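Beneath this line is the structure, given in structure tokens, with notes to follow.
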Amino acid sequence: MNNTEYYDRLGVSKDASQDDIKKAYRKMSKKYHPDINKEAGAEQKYKDVQEAYETLSDSQKRAAYDQYGAAGAQGGFGGGAGGFGGFDGGGFGGFEDIFSSFFGGGGSRNPNAPRQGDDLQYRVNLSFEEAVFGVEKEVSYNREATCGTCLGSGAKPGTAPVTCRKCHGSGVMTIDTQTPLGMMRRQVTCDICHGSGKEIKEPCQTCHGTGHEKQAHKVSVKIPAGVETGQQIRLQGQGEAGFNGGPYGDLFVILNVLPSKQFERNGSTIYYSLDISFTQAALGDTVEIPTVHGDVEMAIPAGTQTGKTFRLKGKGAPKLRGGGQGDQHVTVNIVTPTKLNDAQREALQAFAEASGDKMLHPKKKGFFDKVKDALEDI
């Protein structure tokens, strides 16, 4: 067996996270569950998935598997030349106990203990203004819920699961294997109860013995003012159903703020770019500035330069931590005209002369130049 076969069984890459492995296991386990999939070979595939997950879900077993393959994960290393001689493997009192301790016995976990359900993620888009002022959104999604027919037991109403006759409720079987190092002991998932410790003689017809069913779910999310892209809101108990009576997992709402056509934002500060003419910059003016709180008047002092930034106090977004309101920064951009009529050109030339600017005056426009300008203006 190569060192990627277990990953292939679950359909994940070798660098998959534990969360990815867990999700893939649940998907494949449900796909090949003998109570659901009656196709030939489905039961064997189900066992293969269980075997792969048993190793990859344990960080120490996974590390051994990545380095040595299945033999490493199961404790079956072969002895090298002049290797671990002197171990006769008598009984089970020595070497195999070291490996059992190193790899962590799977039987120590109680398969019947309540376990919390999986967490879910949901992405919500917000307009620029919704992120600034806050909003309440209703989100709809599908989740694994406790089966309404069997109430999560997996058994047909009127019946109940019984203790597994093979593993006696432990969910695992102990297998002893003779190796060059001596007798090695390993634990595998029980092939009768598939690790649950229980047998369901008469499965529920709604959930086919899983105890869960897919359900459309809605929940209202209160999004506070001042949030930003990437922030999360945790809704406790709105994830997927638990196991053996365990609680539901949580829902994490991930926020994405859509861009504004006129504003930019960083934290509680909002940024706005203002175009003004060079006469407004030179002589000064009072202009109306849009903000998320409404238009306000702002004075442009005479002699304002391109790149000058003005601050409108309290016109930004709320501060999530510490309270208070941010500011809006207005950056000025002086627009140079690209076309001048004769009167404008002469006025500017007179201004240049009065300022003492030394310029090479452009030649006076002739008849054809004026015709060309007139055509461009049509």
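From the backbone N, Cα and C atoms, a Cβ is placed for every residue, glycine too.
What Swiss-Prot lists as domain 'J' is 5-69.
Look at Swiss-Prot and you will find 134-216 tagged as zinc finger, backed by sequence analysis.
Per Swiss-Prot, the feature Zn(2+) 1 binding site maps to CYS147, CYS150, CYS204, CYS207. Taken residue by residue with DSSP, CYS204 (Zn(2+) 1 binding site) is part of neither helix nor strand, so it is coil.
Per Swiss-Prot, repeat 'CXXCXGXG motif' is recorded for 147-154 (among others). Sequence-distant contacts of the repeat 'CXXCXGXG motif' (147-154) (same chain, at least 6 residues past either end, Cβ-Cβ under 8 Å): 160-161, 200, 203-207, 209-213, 241, 245.
The annotation Zn(2+) 2 binding site is assigned in Swiss-Prot to CYS164, CYS167, CYS190, CYS193. Same-chain residues at least 6 positions away in sequence with a Cβ under 8 Å from that of CYS190 (Zn(2+) 2 binding site) are, in sequence order, CYS164, LYS166, CYS167, SER170, GLY171, VAL172, MET173, GLY197.
What Swiss-Prot records for 164-171 (among others) is repeat 'CXXCXGXG motif'. Helix, strand and coil counts from DSSP across the repeat 'CXXCXGXG motif' (164-171) read 0 helix, 0 strand, 8 coil.
For the repeat 'CXXCXGXG motif' (190-197), same-chain residues at least 6 beyond its ends with a Cβ under 8 Å from one of its own Cβ atoms are 29, 33, 46-47, 50, 110-112, 161, 163-167, 169-173. Summarising the annotation, Swiss-Prot assigns repeat 'CXXCXGXG motif' to 190-197 (among others).
The repeat 'CXXCXGXG motif' annotation in Swiss-Prot covers 204-211 (among others). Long-range contacts of the repeat 'CXXCXGXG motif' (204-211) within the same chain: residues 30, 33, 35-36, 146-150, 152-157, 241, 243, each at least 6 residues beyond the stretch ends and with a Cβ under 8 Å from a Cβ of the stretch.
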Subject >> Zn(2+) 1 site shell beyond CYS147, CYS150, CYS204, CYS207, criterion: Cβ within 8 Å of Cβ centroid >> reply: GLY148, THR149, LEU151, GLY152, SER153, GLY154, ALA155, PRO203, GLN205, THR206, HIS208, GLY209, THR210, GLY211, HIS212, GLU213
**OP:** Select the most exposed residue of CYS147, CYS193, CYS207, where exposure means the fewest other Cβ atoms within 10 Å, treating these as the binding-site residues.
**Re:** CYS147
